[in-house]
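Here's the structure, in structure tokens; my notes come after.
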Amino acid sequence: MTEKTAPLIAWHGGQVSAAQRRALLDQIPLTLWLTGLSASGKSTLAFALERELIAQGRACYVLDGDNVRHGLNRDLGFSAADRAENIRRIAEVARLMNDAGLIVITAFISPYRNDRAMAREIIGQANVREVYLNTPLAVCEARDPKGLYRQARAGRVAQFTGISSPYEAPERPDLTLDTARHSLEDAVAQLLAVIHAGQERSVGWAAKPNV
Ligand SMILES: Nc1ncnc2c1ncn2[C@@H]1O[C@H](COP(=O)(O)OP(=O)(O)O)[C@@H](O)[C@H]1O
Ligand SMILES: [Mg+2]
């Protein structure tokens, strides 16, 4: 926002309250923020969890790193500044989706503590649950579903997290999961438990089938 345009922009509030949206969807919006190395299992878990939540009648949506970089963030690279801007935009989108009443699952490496703190600040601390996928680098590298580690080791991908760019582990995640030690089913069940714990005040939640 430039100084010239700033005075021209004013917040225009809506006429629908958060409580009305909660009542309509019978759920408390949350953002489940998955962080971890490439191939740690973020996308696999996020989409499996989304399928499960939809099957339980919950309105949810996955914001996935690669997918977002196809569109909204196609102009961004992997420098520290671009990663920060990537996370800032994602957080703003997650905030809007939470505001609309949705449960949001994000699947971004999001390697920097400061960027994740910024995201929590934007979305609102109370609405975020941080999940650290601490799958060991060696396991991620052996999986290498997209061949990226191989390319990074060969020096063909610059600033690759875990190889040539740092990953800063969360200090107080709400949940830590090593997908080398937990099956996909087990991991999804643990993520569901985090979401369910955030629904305590949602009257209808416990009454729904399959929960
Ligand atoms: N328990 C598990 N949870 C998640 N992924 C697993 C698990 N076991 C094996 N995998 C495999 O690990 C890979 C994880 O890749 P992906 O989900 O794309 O990771 P990310 O999105 O973190 O880069 C996939 O090939 C997936 O099939
Ligand atoms: Mg992914």
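Every residue, even glycine, has its Cβ placed from backbone N, Cα and C.
Curation plays no part in TrEMBL annotations; they are all automatic predictions.
Database features (TrEMBL):
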ACT_SITE  S110  active site, phosphoserine intermediate
BINDING   G36, L37, S38, A39, S40, G41, K42, S43  ATP binding site
DOMAIN    30-178  domain 'APS kinase'
Item checked: S40 (ATP binding site) in three-state DSSP notation -> coil
Item checked: Sorted by sequence, non-G36, L37, S38, A39, S40, G41, K42, S43 residues with Cβ within 8 Å of centre, ATP -> A107, I109, L133, T135, C140, T179
Next item on the list: Take the domain 'APS kinase' (30-178) and average the pLDDT across it for me.
Entry: 97
Margin query: Any of the binding-site residues S40, K42, S43 with a C-beta atom under 6 A from ligand 2? Give them in order, or none.
Written below: K42, S43
Notebook entry, point to check: Listed binding-site residues: L37, S38, G41, K42, S43. Which have a CB under 6 angstroms from an atom of ligand 1?
Noted result: S38, G41, K42, S43
Next item on the list: Determine the most Cβ-crowded residue among the binding-site residues G36, G41, using a 10 Å radius around each Cβ and all protein chains in the structure.
Entry: G36
Next item on the list: Count up the helix, strand and coil residues in the domain 'APS kinase' (30-178) according to DSSP, in that order.
Entry: 67 helix, 27 strand, 55 coil
